[in-house]
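Record features (TrEMBL):
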type	residues	note
TRANSMEM	A:15-37	transmembrane segment
TRANSMEM	A:58-79	transmembrane segment
TRANSMEM	A:91-114	transmembrane segment
TRANSMEM	A:126-150	transmembrane segment
TRANSMEM	A:181-204	transmembrane segment
TRANSMEM	A:216-235	transmembrane segment
TRANSMEM	A:314-339	transmembrane segment
TRANSMEM	A:351-374	transmembrane segment
TRANSMEM	A:401-425	transmembrane segment
Amino acid sequence: MDSVFYSRVLTELTLTFHIIYATIGVGIPLFIFMAQWMGIKKQDEHYILMARRWTRGYIITVAVGVVTGTAIGLQLNLLWPTFMQLAGKAIALPLFMETFAFFFEAIFLGIYLYTWDRFKDQKKHMLLLIPVAIGASCSAVFITMVNSFMNAPQGFEMMNGEFINVQPLVAMFNPAMPTKVAHVLATAYMTAAFILASIGAYRIIKGSNHIYHKKALLLTIKVGLVFAIASAIIGDFSGKYLAAYQPEKLAAMEWHFETEEEASLTLFGVLTNGDEIKYSIEIPYALSILAHGNPTSKVLGLDQFPKEDVPPLYIHYLFNIMVMIGMFVALVALIYIVGNWLRKKFVYKKFFLWTLVTTGPLCMLAIEAGWWLAEVGRQPWVLRGILRTEDAATTSNDVDIMLYLFIGLYLLLGIASVIVLIRMFKANPIERELRDREGGE
Amino acid sequence: MSYELIGISVLWLFLFGYIIIASIDFGAGFFNAYSLLTRKNHIISNIIQRYLSPVWEVTNVFLVFFFVGIVGFFPSTAYYYGTVLLVPASLGIILLAIRGSYYAFTTYGKLKSHFWTYLYGFSGLLIPASLSIVLTISEGGFIDNTSAGLSLDYVALFFSPLTWSIVTLSLTSVLYISAVFLTWYANEAKDEQATALLRKYALIWAFPAIITAGGIIVELRVHNELHFQNMLNVWWMFLLSGILFAATVYLIWKKRNYGVAFLLLIGQFLIAFFAYGISHYPYLLYPYLTIAEGFTNEGMAIALIIAFIAGFCLLLPSLYLLLRLFLFNKNYVQGKIK
């Protein structure tokens, strides 16, 4: 039916747009906190200023994150009423806790923003950031729990198409939860780090040679590298989770057609005629290692699943994009840190700075690819093994019109937020702000 | 008290909280835009901005809290209301999104333009209208339940006097609540000009608000006989609410105790809101869905209530801190500190 298609497109559109701002929303408070902490510890005005400037940009992204988050929250009910009626009985708890975390963050962010000069002691002001950062991360944790329930539903019994004997905590702490939550958090911090690094690198290219930018670069890239490595390790655990609990997703994303032992990993490649792989690189044993940690173990292939339960095979491309970007960014970060430590000149040469500029946008692309992979990889189920997507959508006939309206809205918000952010920082570069502050004190 | 009664009471209280703070917010945006139009913005814009800035995000959370809570406690509402509300609720989301983000863009991003002030101010008036449709629908008579699924009868909805009464009520009370609050706030700020202007607005909007509220009771007599009868059973609550209304207007008229006046106004709306809710019992959506039918399982209900209490232990002190730092801080209100 048409409304199923449009509901899927509209949900995907809203989430794709929301994720950009939500990822920044989860990651940046950590960095604002670190900058302010270092500023107080080192008695260095530059770091305090860093916290201020990041906060100013952050508030713009938060605003868009809040309103698009409200949109997706309501759209879940509007577009997937049958799903919410059924699943609400098992996942209402984490959804509810997510709003609490969000509430908590909203209150303290408001206070933080308006008390820059209220306290004599900067440490007091810094303490306000802890609930902001905790609230932001907790809402990511809780909402990811909801999503992992959709991948690995448990904590209830089915009777006549209804959930009975629901155990909310068992539903929350499902097998998909640990890897998903950890991966979401690590990649959000990583992405935030490299977005801030991109901005710093860009300012240096544009002629601002101030020590401030170098401090910012070193701080963000160091932390970014730690989280890039963490993301990769958690990604490996996710592979093992999939092999054990969602083998059809793993088989589809790795183009693993036949069940075999000593399975090799297919990198890149193009799929033709449905099952012929061309131009790929095979790494022997790697898939067995990824799936079970043992080069000779057996990995289930797509031959083991009925055709109607297999997700679309294009998710292989998404997987490649995500992993390649992760590797590339980690490598660039490592080169920068080592080069900076050895005082090599090349790290501030234009070609390398431009490479740094690409890391932020690339990370965001990887986040999107990763979410598309996770979500499309669950098709055709909305609740894996229980409720098919086509049975969950609304029966309303107006979804297409709403889709066009929301496209307009997101275009408007996207363009406006970018314009506002650029204007904010172009009009007030760091040199000027430092001068103004000295003049004022 | 049964779990479903606890659930609906808490949610009703939350909806009330949203209505009050959202009214202040929507009304403030409107008065700000209106004062710009009539070139009186130099009088009240500062007062409004100083109040709105730290709390705009919190206002939004109240709404999210309510709809997540109602789906949590009563998952069947997702099916009934979710299916039929696609268009009105989507329009509401779009308006809220434009409003919320442009507030942030203009305040923090210095996107100064009269166009946005007008957009912000006037869109605020459309939001209560698009959201109050839910109250109309809950009275029954606007949903077709056929084998193809549920659908909203837009024609009946558009031509029903009940719809327009509820829309008018939401508009007038938004302006009334907001004006009373801002009068108090401006008075705290020792801003006499702003106080005088806002006091005038409060008095202007008081009577349309009370008249439409009365009108709805009459409409219901025709539209939903059962609800009307139930309302008569709690007539004393409506009477009490009316007395509080009279007391509020008296204090404002006499230019006395604006703080008390605002508290009385909260009391007036709280009592009327609960009287309306109690008389709507036991229906969530007349006549398809009752509270008992729509309720979640016991395990989830207990978990939600525990989460709620735990969450509140965190929230109440934080909200108190927010109010102490901004709303109840004389130096901040008077603009002596940022």
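Cβ atoms are placed via backbone N, Cα and C, with glycine included.
Note that the structure is a prediction, hence the values are computed from the model and not measured.
In this chain, the transmembrane segment (A:91-114) lies out of contact with the transmembrane segment (A:181-204); the count of Cβ pairs under 8 Å, excluding pairs fewer than 6 apart in sequence, is fewer than 3. For the transmembrane segment (A:351-374), the list of distant contacts is 12, 15-16, 19-20, 23, 147, 151, 180, 183, 187-188, 190-191, 194-202, 204-205, 217, 221, 224, 253, 315, 318-319, 321-322, 325-326, 328-329, 332-333, 335-336, 339: same-chain residues at least six beyond its ends, Cβ to Cβ under 8 Å.
Contact between the transmembrane segment (A:314-339) and the transmembrane segment (A:216-235) is supported: at least 3 Cβ pairs lie under 8 Å, counting only residues 6 or more apart in sequence. Contact between the transmembrane segment (A:58-79) and the transmembrane segment (A:126-150) is absent: fewer than three CB pairs lie under 8 Å, with pairs separated by 6 or more positions in sequence.
Sequence-distant contacts of the transmembrane segment (A:126-150), counting only residues of its own chain at least 6 positions beyond either end whose CB sits under 8 Å from a CB of the stretch, comprise 22, 25-26, 29-30, 32-33, 36-37, 40, 87, 90-91, 94-95, 97-98, 101-109, 111-112, 115, 171-174, 176-177, 180-181, 184-185, 188, 374, 378, 381-384.
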